[in-house]
Structure formats: structure tokens, C-alpha cells
Amino acid sequence: MRISQLEGKAVALWGWGREGRAAYRALRARLPTQALTVFCNAEEAREIGALADAALQVETDASAQALGRFEIVVKSPGISPYRAEALAAAAQGTHFIGGTALWFAEHAQADGSVPGVVCITGTKGKSTTTALLAHVLRAAGHRTALVGNIGQPLLEVLAPQPPPAYWAVELSSYQTGDVGRSGARPQLALVLNLFPEHLDWHGDEARYVRDKLSLVTEGRPRIALLNAADPLLAGLQLPDSQVRWFNQPAGWHLRGEVVYRGEQAIFDTADVPLPGEHNRRNLCAVLAAVEALGLDAAALAPAAASFRPLPNRLQLLGSVDGISYVNDSISTTPHASLAALACFARRRVALLVGGHDRGLDWHDFAQQMAQQAPLEIVTMGANGPRIHALLAPLAEAGHFGLHAANDLEHAMGLARNALGEQGGVVLLSPGAPSFGAYSDYVARGRHFAQLAGFDPAAISAIDGLGVH
């Protein structure tokens, strides 16, 4: 559905975060007199009132009855379509659509194809991979957009001039379904990995996997690039797409610190500023994507050495009094915390874990701690007591020191004291979202930086967003 098709219809926007505001501006630019209603909270309603838009109404009760009055509801990604009020309104005939679907419909050609668009998703690593892809494409001299879930809503860059040659688009599991619903077919879709996350939004693991994979099952990209090492992807059948693989011996894969293409050694990653084996494997994905676009990936591989790592992702802030502080606030699953820990296997580490409780299973994490644990673990947040109880028997057996904190500031003090004069690494890799304590993971990362004695503003920006 294109924006022009909304004209004259009963249209509402649900959500007034950055995505919601981007949708409003895009609709208003194309449909200046279209009547619109925004569903938002009371504080946001006051902000909207200052816009002085006579064709804009505000409601704060997004009930099924209220939503059901509209033909089209443009929904912000963070609002689950599985909420009872959304399902009830849909049953009454309301059509829910996201800004991502509108953008793809605007850019699709007559046959549905969207040339130059690379969509990237995965449970973890998608932001770094998307940014790295944009970096490599720009190094090759191509004007490239870095947009999507990484921090720039697609509707904020609806029609940039001159248009980019390539679009590196990060999509969360909240957005992947929009691609198929738009009727568009991206040139390439890359799926990095899959393990449970956002179960509160999706409802259960099976639905999460289905929604995530809808990018390739319903979006029908011209080329689907998949991780051969992921068991949830390895058997996937996609008859409408050309399927390519990375992380397998015949293609782009990692041996030690060296990237190979088949049996040919291509690039030593020792100087690439991407900590962790998982990040080096994602470099293989980027090079496979570059190759799939018809470019010389082997020649472009060295460009990765000049990539600047993203904030809040295994970000080394610096050292104070013999203690290094690493900000991995983006970590919102136990698997992500394990991957972060693996980067510091030979260091004295105090790990800070815990946050909003989404009901994820921490038993695998606990089993790993029994085999290769950090020196100290500090639990915090709403799920902190649950994690603490799970780890307590291992701590009592002498595998690691275990501490319970009331909040991040308390956790920092406990971690410093536990490391003592010998120093080490304080690693914030919570394995849980920040909801309830912070507005988002960025705010949590900034607070961590501040508590560690660093300027939070100086470490928070993502380089290269938008079209360059």
C-alpha cells in the first residue's frame, strides 16, 4: 500500500516515538489535508498539540473499539499486533500496517522488486553487520543509505536526492513482516542467526521464528543469504529466492582469525576493530552480501579495518585505576551475554547481568558458567533475583563470586570491589532489556559510561546514519 492510497480513508497512527513521528511527517508531506488521528499517551498528546495541525486529532485510549473505527492504522514497530485490542480491531476490518511496509511500497518497481536494497536481520549482530556493510560499500565509492532499526526510520529517508546506489536496511523482528505485506521484493535479504528473544511481543518462540523468517519466506527476496551454521536456517526451503550461504567451507567462512572464500585465504581479521568471533563471522556475511551484489568482495575486505565499532556493542570505554570498562548494553539475551564473555576469556571479568524480565530461559547460561565462568557475576534488575537463584549453587561450589545489586550504580560498586587492586574488566552485558529502569539500552549505556567516569555523550553516536 502506497501513501497515496491512504487518501480519503479513515487513518490513524498508533505510537508517537521516532517511528510514529516519521510516519506522521511522511504522510503529511504527501497528503497535506488528510485527516489523521494519533493514539499516544498524555505527555505525547501535549507535544502533538503544539503542532497546530487542524487535520490532526489525538486520542489516548487505544482500545479495540477506538482502533476499530479506522480503515488503516499505521502502527509503530514496538506495538505488538498480537495485543488483544489489535486482534479485536483487525477482526472488525481494521488493517494494520507499519512504516516499513509503506516505505517498501513506495520504492517497489512494477514487478515488486526493490533494486539495491539489502535487508539485514538476526537475533544479534544485525546493527554492526548493517553498519559494516554500508561502510564497505561506501569504501567502494557507492552512495549508500544506512537506515532502519539501527537508528534512522525508513520514512525519514523516503526520497533522498540524489538517490543512493544501495540501501543497507536493518530490520528487527517487529519489522520483518512488513516487507512481505508491502508486496515488495528486496534485492537481497540476510539472516544472521536465530535464538529466542522478544517473546513478550511475539507471544512464544515459534511465532518469533516465524515472524523473523517472514523476511525471506514472505518477502521473497531475489537473493536470500543465510547462515549455514544456524540449525534453524540450515534446512530452510525458499523456492522464490536464490539461496546463498555463508559460514560454510564452500563459501565465505572463518578459520581462526582469517576469512576464507572456499579454500582461498582472503583477509586476516587481526586488525579489524570487531571483538569476538561472532563479529568476525558477521564480516563473512558482509563479504558474502557484497559478492552477491556483484562486487569484488575480496578486494573490498581490507576496508573492514577502518570500520568504527558501534556504541553499546562490546564498546571499550577506557580504563580507570587498572579496571577496563566495556559497554555491551545492547545485550538483551543470555546468548548475547555469553558471546560477550567469550571475548574476555583470559581476563579477570566482573559481569553485570539482569534487567527487564521477559521470561527468557537462563539455564543454558548457567550451564556455561559452570564450565567457563568470569571471576565475578553481579545480578541486577527485575530478573536479577531469578538469575541469582539459578547461579547460587554454582557460586557456592566455588565457580565464581556472586553478588546481588539493587541497581546499576550499586552493581558498579560491587564489581569494582570484587576485582580489587588486581583490576580487570567490568563488563556490562545484561542479557535483558532496560525497560523499567531506563528508556532504552542507549540510556543504560550512557549511565554505565557516566558511572565509569566517561562522557556519556561522547560514546553514544552511531557514525554514518542516513545517506552518504
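Using the three backbone atoms N, Cα and C, a Cβ is placed for every residue, glycine included.
These features come from Swiss-Prot:
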BINDING   G122, T123, K124, G125, K126, S127, T128  ATP binding site
Starting from the Cβ centroid of G122, T123, K124, G125, K126, S127, T128, the recorded ATP site, name every other residue in that chain with its Cβ within 8 Å, sequence order please. I120, T129, L192, N193, N282
For T128 (ATP binding site), the nonlocal same-chain Cβ neighbours (under 8 Å, six or more residues apart) come out as L274, N279, N282, P309, L310, R313
G122 (ATP binding site) has its Cβ surrounded, within 10 angstroms, by a count of other Cβ atoms equal to 25
Nonlocal neighbours by CB distance (under 8 Å) for S127 (ATP binding site), same chain, sequence gap 6 or more: N149, I150, E170, L310, R313, I330
